[in-house]
Every structure is written in C-alpha cells, then in structure tokens.
Amino acid sequence: MKVESDISLKDYNTFKVDCCTETLICLEKESDFSKKVLEKYIKSNPFLILGGGSNILFTKDFKGTILLIKNKGKKILNETEEYIDIQVNAGEDWDHFVQWCVKKELLGIHNLALIPGTVGATPIQNVGAYGIEIKDLLLNVTFLNLEDWKEYVLENNECKFGYRDSIFKNELKDKVIVKSITLRLKKYKGEVDSKYLEYSGIKEELEGKDINPENIYNAIVKIRESKLPKVQEYGSCGSTFKNPEINIKEYERLLKIYPELPKYDTDKKDIVKIPAAYILERLGWKNKREGEVGTWIYHPLIITNYSNASGNQIYSFIKKIQHDFKSNTNLDLECEINIF
C-alpha cells in the first residue's frame, strides 16, 4: 500500500483539473482491503473511492482521503462450449480488459470499446454504449463493506441497475469498495447477434468485412475516436450528460418543436429515450467555447478542458448548458459525472 500526502490530482482525473487531496492511498494488494489498513484513514475523515477518475469533476481541493483502486488480475472461473465466466479485479483498465476479451473472441463486450476508467467503476455507473450495458454481461459484484469489513457478493438482479445507475450509486454509496466483477461472455461461433450492430455507423464501418468481435471492436473504436477528444491532449470525461428518458406525451410535445427528434425504446412501458445531443446541437452548443472550456468540436455532450480550466470554470459551463436545455425543453439535463 502506498500513502501520499498533499498530492495533486491532475494525473488522477481525466478532466485534468489541478487540485489536491490531503491523503492519497493506493490499494493494490489483497491485504490492503482490510479494516487494519483502512479504518484509521476513513473512520473520522471524509473519503472518496477513485478508479480511473473518468467520471468525476473536482471543483475544489479534497479535504480528506482518496482511496485509489489499483488491484489487478483476472481469472476464468468457469468455461463451457458456449460461454466463459471471468472474474476481473476492480483496478484493471477497462479497455485493456475489453481488448483481452476480443482477442479471445468473446461477444458483447466489444460494444463497450474505448470507455475510459477501470473495471470497478462499470457496475457503479452501469456503463453502456452502442446498445449494450454492463448489466447485460454481468453475473455478480464482489465488494468490501466498510461498516462490518466483510466481503460480500451481490448478484446481478440485486444490483438495481438502471440507466447509468445502480445500488452502488444509491443505498451502497460510500459504504462499500468494489473489489471485482464477474462477467459471463458468450463465445464467437461464426455468428453475431444483430443487436450488437444496430447503432448508427457500425454496419457502415463493417461493410465488406467479416462480422466478428475484433472487427466490431475496431469499428466502434474508429467511430468513437472520430467523435471524442484524445485524452492525451485534452481533459474530458466523455459524455457529461445523460440522455433524458421521457413519456410518450412529452415526446409528442417535443416533436412540435423538433419534428425529426429521434427516440429509442427503453425497457419501461411508454418511456422513450431521446438524444440530448440532437437538441443541444440545434441550440448552438456543439463546438462552443468559453475561454479554456467548451464542448467538443464534434459532440455537444462532451465537455472539454482545452487547456488549464479550473473545476469551477467547467462546472459553470455545465450549468449554463443545463439551464439552456431546461429553458427550451422544460426537461432537466442530468449529469452522468460526479461533481465534488
């Protein structure tokens, strides 16, 4: 376990906001996840659990302890002719793990290509992209309870997954540390379910190519890279806002303002999801800058730190977008990211 004091967090958040924390603890070994090691740091002090820092905006220094989850490793728990059950530790880089699965010709996870962050964050946020969410692949989550210091396993149906939501963002928030997740991934047998190809651009990128996990992964990487800023050059958390989920009557009301507004079905009766980017683009928010912060050139949902913007500057820009969206649609535009 590595403990550091008064350290800058610029290298620990993908917005590249330069702020500090009083204490940073790097948890790598199994023995680091224990009452003996951690209790003295979190018992009476504010604490924050951090993975890849790809879903957080710091608006000020953090007066407390940050627990940086860096435990590595994965293992195959079970294998049949049809699927593989894989347990992967929370500190693994998500996209590196996705690439590993693609090389093994495993299905489904390729649609979650190039999502920044670590494995442990995926069930908390119920990450999703191109028609697939982590809940569609997950068997269970193993976590350490910070109240009784015991380890528990929560099955998929106990995680209360929703759109970018889970029990870990609500009832269990700040009460547990996710240590690992277990996924069940189907083996590629020469055919791919059409659900993996439904979203815009995927079929076009695959035209003339074999439809297999590697080519699907590469297609999605190409699409995402064409829309997203390079993390080596600019600060960003990817999509900053959720796409609103609204009832049919609300959708019909919006059609009078935006006649070609797309919609996507959800698993809830009479509820559809609408693309916030479609509306924001028409409100002039694509490629809009205010000083060192702005929206990305190709995507209005992606707030970008173009230079050395502070967390407060970024947050102020976010609130302006939310206010404009509300004024023009009478809908709230909810943040995907956590703001501190």
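Placement of Cβ uses the backbone N, Cα and C atoms for every residue, glycine included.
As recorded in TrEMBL, the features of this protein are as follows:
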- 17-188: domain 'FAD-binding PCMH-type' (DOMAIN)
- Arg164: active site (ACT_SITE)
- Ser239: active site, proton donor (ACT_SITE)
- Glu336: active site (ACT_SITE)
Long-range Cβ environment of Arg164 (active site), under 8 Å and at least 6 residues apart: Gln125, Asn126, Val127, Gly128, Lys242, Glu336
Nonlocal neighbours by CB distance (under 8 Å) for Ser239 (active site, proton donor), same chain, sequence gap 6 or more: His299, Leu301, Ile302, Glu336
DSSP state at Ser239 (active site, proton donor), helix/strand/coil: strand
Neighbour tally for Glu336 (active site), based on other Cβ positions within 10 Å of its Cβ: 17
